[in-house]
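As recorded in TrEMBL:
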- 67-135: DNA-binding region (DNA_BIND)
- 195-243: coiled coil (COILED)
- 49-60: compositional bias 'Basic residues' (COMPBIAS)
- 67-135: domain 'HMG box' (DOMAIN)
- 49-71: region 'Disordered' (REGION)
- 1-20: signal peptide (SIGNAL)
Amino acid sequence: MTHFSLLFLFFLSLYFFLRGQETPTKAATCRLPPVVSQLVLFLQKPRRGSWTKGRKRKKPMKDSNAPKAPLTGYVRFMNDRREQLRAERPDVPFPEITRMLGNEWSKLPPEEKQRYLDEAERDKERYMRELEKYQKTEAYKHFTRKVQEKQKGKRHRGDVGHQVASEALHEKDAEGKDRTVFDIPIFTEEFLNHSKAREAEMRQLRKTNMEYEERNAALQKHVESMRGAVERLEGDVMQERERNGLLHQHLETLRQALTSSFSTVPLPGSGETPTLDTIDSYMKKLHTVIVSSPQEHESLINTVRDVVNRLDR
């Protein structure tokens, strides 16, 4: 039998199979070549149904009395911009809007992005406070009992998967995150757009991290330079302190010499003579007397001139 005949019989058998009509019997297939006979018998075998789908994940129990879960900074940005972008671009489909918002978030300046992150942090603190208060109420205890009873029923039916009551209380918190990640059907356009947005955000974070590292390196060099300048200033301060100490010693020596030299020169009018404690005020008064009336105190001026000459020696 030629190749053409084999090909004709193959398509003939395939035609009957697809039409669901009566196909050749086993006796008839025995007269066919072995390869064609096996093909016909294979096509006659009853086929199993479609692939069994995976078990649908059951959603956890919702607590309507629990506080509203906080939103992440990214979700807040999406909520703020989604309606604006849909109003500006009404012809763009929803997945494309999500992708555009993801790219816009990844390119958002750090100061604007930080505003959303700060709001999310404050909302998270609010949620934790309200959750702590709610856990002390009777509604929380009642919901916990319902969750425990449901878990006992699942274990009785042989379900090995179990869910703790605390997960149910945080369900609203997880719901916001799951809605953006875990509840997105895999390999859909929305999932791919979300993955692209995450990758873009990671690239932006790596870029920001690299910029911060460069800034830290520059600041480290600046700190080293400042540390060197501080060390030099400390050395200058030590030298100035030594000079001030020497000047102080010289000043004390000069006071002692002036006190000793002018101890026999009383001030006109008061007759005051200097001591180590009063030598500064004594010299000021002496200067005032001489400058105010030099003609009347020529003898005093000569005496002061002689004392100063002896000090210079």
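Glycine too: its Cβ is placed from the backbone N, Cα and C atoms.
Annotations in TrEMBL come from automatic prediction, not curation.
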Across the whole of the DNA-binding region (67-135), what does the mean pLDDT come to? Round it, please.
86
By DSSP, what is the split of the DNA-binding region (67-135) into helix, strand and coil residues?
54 helix, 0 strand, 15 coil
